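Working notes, beginning with the structure itself.
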Amino acid sequence: MKIALVGLGRTGKIVAEYLWQKKVLNMVLCRPESSKAHKDLGEILNCKDTGILVETSDHLERKLFQNQPDVLIDFSSSNFLKDNIHALAKSGTNVVTAVTGYEPAEVEKIRNFAEKGNIGVIMAPNITYGVNVLMLMAEIVAELMSDYDFEVLEEHHKHKQDRPSGTAKKIADKIRVKLMNNQEVPAQAVRAGGIIGKHKVLVCGEFDKIEISHESFSRVAFAQGAYKAAQFITGKTGFYEMTDIFEQERQERQKQVSASYDEKHAEELDLA
Ligand SMILES: NC(=O)C1=CN([C@@H]2O[C@H](COP(=O)(O)OP(=O)(O)OC[C@H]3O[C@@H](n4cnc5c(N)ncnc54)[C@H](OP(=O)(O)O)[C@@H]3O)[C@@H](O)[C@H]2O)C=CC1
Ligand SMILES: O=C(O)C1=N[C@H](C(=O)O)C[C@H](O)C1
């Protein structure tokens with residue numbers, strides 16, 4: 001698999017290093033006016049030369065045709081996909097966007113374009129596997145304890161632009177849908193120091209409470225999630241979210257279980 005990456009900020013740099021080590025990174029993009037343009041990626045990551053020159057995101061269609069990545073991972077800003085989704089579709093490059101802060105209308109445009117079969121997009125404001133498991137747990141609790149008070153609390157570093165986080169908004173929405181009264185779930189944000197990413201769902205009754213929490217203590221967690229998402233979206237068209245990966249993995253697990261059952265059964269027949 002060949003992967004392109006856009007965005008070389010706090011998270012993008014860690015993702016670039018991770019993909020480079022996996023030997024799947026073949027293209028890195030920055031804004032046309034960026035000081036990172038035309039430098040070797042190694043210079044940006046403070047390591048030896050990689051042979052990958054950071055390219056600017058203008059004339060993207062031509063550059064994608066030259067490099068032929070299967071998937072582009074986006075850790076830049078919401079402007080990038082808005083401006084470039086047609087170039088990506090024309091060159092047959094699918095997208096993993098981890099970016100947060102899209103307007104609901106922008107999300108709908110991207111969803112419609114992908115659902116028409118133009119491109120495969122996985123939109124993941126919540127790219128870690130663990131935080132997606134937290135979401136499933138929160139949905140179960142919301143179904144069972146609709147009369148409790150639900151709050152989503154998140155903490156991130158002081159440079160993070162959006163609040164509450166894309167993940168917190170998504171968790172709150174998933175809980176709301178499962179609640180009997182469909183009530184909005186409040187989401188509160190803390191921005192302080194270098195916190196990488198914490199999310200907690202507080203479920204509080206008069207006499208007891210449940211807390212479900214997840215913490216990313218290294219941005220490598222985002223890199224691992226993005227790589228998993230890139231593997232999932234390769235060769236697909238349509239619009240997906242991270243939880244769609246669970247269904248695919250469940251089917252694979254089931255296949256493995258029945259294959260090992262068949263193998264064991266055949267051995268038993270041989271012995272008989
Ligand atoms: N889904 C998830 O789990 C996660 C999501 N994120 C999201 O990823 C995004 C980036 O986060 P973070 O790394 O902290 O942010 P930073 O501000 O540190 O980095 C953003 C990078 O993207 C570049 N960039 C911005 N716009 C464009 C564009 N149009 N074309 C090309 N490059 C562009 C910036 O370039 P320049 O420096 O030149 O401005 C910068 O290098 C945010 O939306 C954040 O919420 C982050 C972590 C996890
Ligand atoms: O900007 C970040 O850093 C993060 N953003 C994501 C979000 O907004 O949901 C989540 C992640 O914990 C880090």
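Glycine residues also receive a Cβ, built from the backbone N, Cα and C atoms like all the rest.
Note that the structure is predicted; figures quoted are calculated from it, not measured.
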Candidate ranges 31-52, 251-272; TrEMBL annotation region 'Disordered' resolves to 251-272
Across all chains shown, how many C-beta atoms besides its own are within 10 angstroms of the C-beta of Lys160 (active site, proton donor)?
17
Neighbour tally for His156 (active site, proton donor/acceptor), based on other Cβ positions within 10 Å of its Cβ:
25
DSSP assigns the residues of the region 'Disordered' (251-272) as 21 helix, 0 strand, 1 coil
